[in-house]
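The structure under discussion appears below in the form of structure tokens.
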Amino acid sequence: MEILMSVIAGILFMVGTYLILSKNMIRIVLGTNFISHGAHILILTMAGLKTGAPPLLGLEATNYTDPLPQALILTAIVISFGVTAFFLVLGYRTYKVTGTDNTDGLRGPDSYD
Amino acid sequence: MFTTLHLAIIAPFFIAIVVPILYKYFPRTHTGWFVLFVPILLFLYFLRFIPETSNGNTYHAVFDWIPSLGIQFTAYVDGLGLLFALLITGIGSLVVLYSIYYLSKEQEALNRFYVFLLMFMGAMLGVVLSDNLLVLYVFWEVTSISSFLLISYWYERDKSRYGAMKSLLITVVGGFAMLVGFILLYQMTGTFSIQTMIQSVDDFTEHALFLPTMLCILLGAFTKSAQFPFHIWLPDAMEAPTPVSAYLHSATMVKAGIYLVARLSPIFAISGEWLWLVAGFGITTLFWGSFNAVRQTDLKGILAFSTVSQLGMILSMLGVGALALHFDGIDNNVYIGATAAALFHLMNHATFKGSLFMMVGIVDHETGTRDIRRLGGLMTIMPITFTIAVIGSFSMAGLPPFNGFLSKEMFFTAMVDVASFQQFNMDTFGVLFPVVAWVASVFTFIYSMMLVFKTFGGKLQLGQLEKKPHEAPFGMLLSPIILISLVIVFGFFPNILAYTVIEPAMASILPSLLRNGEHFLVDIYFWHGWTVELFMTMGVVLIGTVLYLTLRKWKSIYSLFPKHLSFNHLYDTTITRGESLSAKVTGMYMTGSVKHYLIYILTFFSIFLLYVLFSTDAFALNTDHLAPISMYEWLLAIVLALSAIAIMFAKNRLATLIILGVSGYSVALFFVTLRAPDLALTQLVIETVSVVMFLLGFYHLPEIAENFKKARFQVKNFIISFLVGFTVTVIGISASSTRLFESIADFFPKASYDEAGGNNMVNVILVDFRGFDTLFEILVLTIASIGIFVVIKLRLNEKEER
């Protein structure tokens, strides 16, 4: 299971990187979304995927899954959502101001003197 | 302890602080008058040390500067340091006096001039009187900087700035090499104190770092003292005001390198490499400088190359003087004469070159030009200046009865003696030394004659001159007259220098030769009998006169030398090529495209991580503790992988949105199967909102969709992203297969209820055990929402669309 999850995380990273390397701003934001999915899955996998009860004490089980990575991922999801939202709006505003969504067209001046 | 000596060394810096105030509040008095008393007092102060040092005593005072690093400002006065200190303060007084008449009170920014000059004077005193190498280096760099400031004194001129830049670059490069050498010396000896090193010198002559250290330090000395091929900065430094040229670029700063060579001789001089490097570079510089001085048409240009050549001469004598160390004691040791000659010529050069520079300054000041093609016939108009020029130049050419004659004779003696030395290939190649020295002396003779007779002889060309020439005011003539009197006095009574200054200085350079109570005996006199040196001098005068008279006929040999092979050309092309090359290299990778930077970062990290992983054999695959995979999980994995891959090829915005949703929800379902209910809930909500957000994005940016469609599959990008994905997978597998220590997972089921009173462990962690994470995560969301609001609402540019 851990190997499968690692492969899945690798695929998500691959897709995310591929999207980030494109010229289109929306694709770049999509890419960050996929990379965060990959990271979340990786965190969960690293703690070991031993089956146990969900981390709720009311269930009266003998062993539970590790709650710590879940807490970490929960934080990470919220943060990456905030960042994605901001990126999207930034892309929107950049498009409105510069009239392009092509990052190749968004270079600074050739020299600063 | 801070002593009077320390105060004397840094006094010029303190006075430099006061100079601008004096300049502002006493506008009627020339600021130089206030400055003048500083070098005079210091000169008198240093004179008091002469009886001490000539009895073989030294003076030593330690002031802790950075004790934790072993850096002390140790002032150390011995014969060598004192000789230089007297030169610096003595010539310094005369130069300040001269500058009072040379620089106009109304037209020049005198405050700057005297601040820089005092800075230089203090730094120079610090160089020659420090025993600690690092303190010496600090002062050394201050001389470079103050020289830079003085050369560019008239900063509105292009050439001044060019010359200043050039001298700074060359001397600082050398200074840096010297610092490296000093640190290597510290590595070998464990101390920064020169005197301590000299006492333990036998312990490290066989050290592997000995030769590199020597090369680094010599590079510093050679660049500072304008030795071949680093001499090119000196002629360009002639853009400085003439008092500066006289002081820095003939009498003091350029001798800092010579001082360093002399000071460190007791450490390095025993080796054959030192002898060949110092003497060899010295003699090459002597020849090259005198040869090139003849082609100059600018008086200061002639003097600059002449300085280069004379510095080479002093250095070659110091190099030959090192041979003395291969004999025991001072009896019948002919080579100590070379060291004596070096020191004697050092003094002589300071006197006549200082006066010659001042003479040129007067000519320039009174006629408006320094070009020898426009000058001539000034003999009757400026008789005193002419006398100064004659005596200075004849002394420089090595003619009797002036002091230059004596030191040149001693120089020839040293060079002739070299050829009879039996070690280090001296017996074969050593014969080159007297030959080159003689040829160089012929050229020295020629340019010395040019200096006098092209300026003062011949016809007066009034039409060519900017001003009507007349004799200079007495104040301006005073300094060169004093110096020229010294030329004559040292010429007739050289032995007044021998006991007081030269012998103690030799004791500093060749300490190992002296047994207890002994001291060097230097006796300089005119008549040696019919020796080979005398015939050499006669030959110089004879051939020199013939060549001077036929100068026009053979001057074309200078144009034979191709211009693009000159060292100036090399320097200029190095600078321009270096600039364009670095601009090209930077332009190559700093493309301004975010994509390129991402490629560098991602490729570097992937390759680096993979390399480390496999080179340290860290890759591990452990299947013992793997969790089983259920059918659902296989299915989810396939859906997630397919949807992720599909988005790479998606060109339709609706399809993109659906795929985005599918992948997000399958991640949420994974959370369900992996028993993370809170995660699943959050993921479902967030994914829904994200999809809505992207939907809005697509809606508001219709043309993005157009561009979106055009995106084609990029193989290069895919390779890089595959590399990244592969790295993540490999590291993920290795990391989950290796378990270094037990996790703290068991803590939470026990503690959640007992300590925090909650059943939901994840929530307890979020708000109780690790509440700070949550606090700042809330902050992140707040900032993001404020940011979004601002980005959308704020319009600083009015013209922008609403």
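Each Cβ is built from the backbone N, Cα and C atoms, and glycine gets one as well.
Feature annotation from TrEMBL assigns transmembrane segment to B:6-26 (among others). Long-range contacts of the transmembrane segment (B:6-26) within the same chain, counting only residues at least 6 positions beyond its ends with a Cβ under 8 Å from a Cβ of the stretch, are 34-35, 38, 42, 45-46, 61, 63, 73, 75, 110-111, 114-115, 118-119, 121-122, 125-126, 129.
The transmembrane segment annotation in TrEMBL covers B:33-50 (among others). Among residues of the same chain six or more beyond the transmembrane segment (B:33-50), those with a C-beta under 8 A of the stretch's C-beta atoms are 4, 8, 11-12, 15, 19, 22, 26, 59, 77, 82, 85-86, 88-90, 92-93, 96-97, 100, 114, 117-118, 121, 125, 500-501.
Annotation comment: TrEMBL describes B:66-114 as domain 'NADH-Ubiquinone oxidoreductase (complex I) chain 5 N-terminal'.
The transmembrane segment feature in TrEMBL is assigned to B:80-101 (among others).
Per TrEMBL, transmembrane segment is recorded for B:113-129 (among others). Nonlocal intrachain contacts for the transmembrane segment (B:113-129), taken as residues 6+ away from its ends with a CB within less than 8 angstroms of a stretch CB, comprise 5, 8-13, 15-16, 19-20, 23, 31-32, 35, 38-39, 42, 75-77, 80-81, 84-85, 88-89, 92, 95-96, 99, 103, 135-136, 138-140, 142-143, 145-147, 149-150, 153, 241, 244, 247-248, 252-253, 256, 259.
TrEMBL lists B:130-423 with the feature domain 'NADH:quinone oxidoreductase/Mrp antiporter transmembrane'.
Below 8 angstroms of C-beta separation, residues 65, 71-74, 112-113, 116-117, 119-120, 122-127, 161, 163-165, 167-168, 171-172, 175, 178-179, 182, 220, 224, 237, 239-241, 244, 248-249, 253, 256 of the same chain, each at least six residues beyond the ends of the transmembrane segment (B:135-155), sit close to that stretch. Residues or ranges marked as transmembrane segment in TrEMBL: B:135-155 (among others).
As annotated by TrEMBL, transmembrane segment applies to B:167-187 (among others).
Counting residues 6+ beyond its ends, the transmembrane segment (B:274-294) has Cβ neighbours under 8 Å at 214-215, 218, 222, 226-228, 231, 261, 265, 268, 301-302, 305-320, 322-323, 418, 424, 426, 432-433, 436-437, 439-441, 443-444, 446-447, 450, 551, 555, 558 in the same chain. Per TrEMBL, transmembrane segment is recorded for B:274-294 (among others).
The transmembrane segment feature in TrEMBL is assigned to B:301-323 (among others). Here the transmembrane segment (B:301-323) has long-range neighbours at 225-228, 231, 234-235, 237-238, 245, 249-250, 254-255, 257-258, 261-262, 265, 269-270, 274-290, 292-293, 335-336, 338-342, 345-346, 349, 353, 356-357, 360, 372, 396, 410-411, 414-415, 417-418, 421, 426, 433, 437, 440, 443-444, 447-448, 450-451, 509-510, meaning same-chain residues at least 6 beyond its ends whose C-beta is under 8 angstroms from one of its own.
Per TrEMBL, transmembrane segment is recorded for B:431-453 (among others).
Among the features that TrEMBL reports, transmembrane segment is placed at B:524-551 (among others).
According to TrEMBL, the feature domain 'MrpA C-terminal/MbhD' maps to B:639-703. Taken through DSSP, the domain 'MrpA C-terminal/MbhD' (B:639-703) splits into 58 helix, 0 strand, 7 coil.
The transmembrane segment annotation in TrEMBL covers B:657-674 (among others).
Proximity of distant same-chain residues to the transmembrane segment (B:713-733), defined by a Cβ-Cβ separation under 8 Å and at least 6 residues beyond the stretch ends, is recorded for 599, 602-603, 605-607, 609-610, 613, 619-621, 648-649. If you look up TrEMBL, you'll see B:713-733 (among others) marked as transmembrane segment.
For B:715-793, the entry in TrEMBL reads domain 'MrpA C-terminal/MbhE'.
For the domain 'MrpA C-terminal/MbhE' (B:715-793), the DSSP counts in helix, strand and coil order read 65 helix, 1 strand, 13 coil. Mapped onto DSSP classes, the domain 'NADH-Ubiquinone oxidoreductase (complex I) chain 5 N-terminal' (B:66-114) shows 32 helix, 8 strand, 9 coil. Long-range contacts of the transmembrane segment (B:80-101) within the same chain: residues 30, 32-33, 35-36, 38-40, 42-43, 46-47, 49-50, 53, 113-114, 117, 121, 124-125, 128-129, 241, 243, 246-247, 251-252, 255, 259, 262-263, 343, 346-347, 350, 354, 358, 361, 472-473, 475-476, 478-480, 482-483, 501-502, 504-505, 508-509, each at least 6 residues beyond the stretch ends and with a Cβ under 8 Å from a Cβ of the stretch.
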